[in-house]
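Annotated in TrEMBL:
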type: DOMAIN; residues: 20-221; note: domain 'Cytochrome b561'
type: TRANSMEM; residues: 12-36; note: transmembrane segment
type: TRANSMEM; residues: 56-76; note: transmembrane segment
type: TRANSMEM; residues: 88-107; note: transmembrane segment
type: TRANSMEM; residues: 127-149; note: transmembrane segment
type: TRANSMEM; residues: 161-180; note: transmembrane segment
type: TRANSMEM; residues: 200-220; note: transmembrane segment
Amino acid sequence: AMDGAPPPTSPTGLSAYVAVSQLLGLTLLATTGAWLGRYRGGVAWHSPLQFNAHPLCMVLGMVFLQGDALLVYRVFRHEAKRSTKVLHALLHGLALVIALVGIIAVFESHRTKGIPDMYSLHSWCGMAAFVLYLLQWLLGCGFFLFPGASFLLRGWYKPQHIFFGIALFILSITSCLLGITEMLLFKLSDSYSHFVPEGILANTLGVLLVAFGLVVGYMLTREEWKRLPLAEEMALSMDFKTLTEGESPSGGSQ
């Protein structure tokens, strides 16, 4: 930026959508906590309540933090690209760690109570989301965060990384919705159809999950809200391409 130039501003409407997404995310967590605390006895690790750590961790990690990680390039659009990449990777990494805690909780709880594992559609979709999310994170770090990948290879992988990032976010929310339904059918049985308070609260949580996903998805697909490379990043990108592909900035080969 030239000296004396006005500071860059966010596109119209972006800040409002960011605020709405964060309000929805925090409401998600509060609603999950209220459901588990009011109707499921709360959360404790070495006790019969260990299972309750599973929905809490999955909503926090695989939905809220994953969604925020996807929004990093929209929110911090004027920050250095390297710093934004690191924050993007850290948020995804934190989401993975928290989700892993949730997965351990459900497996240990099942083992303690003698419940079989991995038989439901929820468990299949949930485990697929976690494993693919871990693979996506590892590939993203390898291609974009650490040096070594060529400019050509990065350019080929970037669209795949973006697509699978959004697809896994959708799969994560879908898995949460399946999990909520499964819990309600197991715990409430016939009373679920009578609009009992717990069923209404859990259904509200499901609606909030969908709303959060829609808001994040809308922000990610608005073309004019995508982060534009800074001038110095364009120069660095050309230098990187020159070094890795053996091309000169003018397009000729060295």
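Keep in mind that glycine also has a Cβ here, set from the backbone N, Cα and C atoms.
If you look at the transmembrane segment (12-36) against the transmembrane segment (200-220), you find at least three C-beta pairs under 8 angstroms, all six or more positions apart, and that counts as contact. Pairs of Cβ atoms less than 8 Å apart link the transmembrane segment (56-76) most often to 88-107, out of 88-107, 161-180, 200-220. Beyond the ends of the transmembrane segment (88-107), by six or more residues, the same chain brings 45, 50-51, 53-58, 60-62, 65-66, 68-69, 72-73, 117, 127, 130, 133-134, 137, 140-141, 145 to within a C-beta distance below 8 angstroms of the stretch.
This prediction places the mean pLDDT of the domain 'Cytochrome b561' (20-221) at 96.
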